């Protein structure tokens, strides 16, 4: 029975997905076998190779093989089946090459199902070398020397350490891109919500420099005043030092002048502690130990203010 190329290629695709490299195709017969290629022989081409299987004489092929390979077309080669043992795997491959075969299919002499890639010297080796289990070898032997049985050698999909590293790297890169996208979208939503606040989000516009400079200042003397609530700047989290210039906001909260100037000049025109807008005329009682950190006034930006908007102020003491 003649098989069309479409049927054969379909079978090859199925076998590839099953990771079967040795496929026997004949009349009403399709068998696939797992194998492992030797490390010192040429690898099977991506398109696969087709041939006829013969049993080596002698079977161990530790001496010259007497049944020489028959010359066939370039589309069909001759393969030889050899049993493991008696000599090295490399020697068997070289004997098969000397006899004119294009591939040496060696099967285990024991019933060990573990297939280990065989090593050897690749110098002068031009044919394929494959190792299969003993059970596979016994089945292949029953179909050898039959012209109607085609043996296909198909490359498998091996997973190397580099492949694993590549997949891991791509996965991490994709996750990072997703997280970055979520962060950007969330930040855009917050900014859009701020713009939609009443009065256009008053309190988030930059304070004019002349208004900023008009706010009173004082030189810290080290004496804690009765109305003062802290000896630490709430922006830079540093204690006040004697002689430092402090700026006083209308809400009576004090900060390092350089800190609050940077804060109010970066489109954050509200007190870092009580969130009151220094430009409004709201009468707010002096701060005390019970003063809430977030003011309930309409100009409050509540939770929309993010921690990453705080300025970083570096003071250098000379």
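Residue numbering: from 1, along the chain as shown.
Every residue, even glycine, has its Cβ placed from backbone N, Cα and C.
Reduced to three states, the DSSP call for residue 87 (disulfide bond) is coil. Its Cβ placed at the centre, residue 87 (disulfide bond) has 14 other Cβ atoms within 10 Å. The annotation disulfide bond is assigned in Swiss-Prot to 62-87 on the grounds of sequence analysis.
Under the heading domain 'PA', Swiss-Prot lists 70-143.
Among the features that Swiss-Prot reports, N-linked glycosylation site is placed at 121. Residue 121 (N-linked glycosylation site): 10 other CB atoms within 10 A of its CB, across all protein chains.
Feature annotation from Swiss-Prot assigns topological domain 'Lumenal' to 22-163. Summed and averaged per residue, pLDDT over the topological domain 'Lumenal' (22-163) gives 88.
For 185-318, the entry in Swiss-Prot reads topological domain 'Cytoplasmic'.
Swiss-Prot lists 164-184 with the feature transmembrane segment.
Helix, strand and coil counts from DSSP across the zinc finger (233-275) read 8 helix, 8 strand, 27 coil. Taken from Swiss-Prot, the feature zinc finger applies to 233-275, supported by sequence analysis.
In sequence order, 86, 87, 91, 92, 95 are the residues of the chain that are 6 or more apart from residue 62 (disulfide bond) and have a CB within less than 8 Å of its CB.
Using DSSP to sort the residues of the domain 'PA' (70-143) gives these counts of helix, strand and coil: 19 helix, 17 strand, 38 coil.
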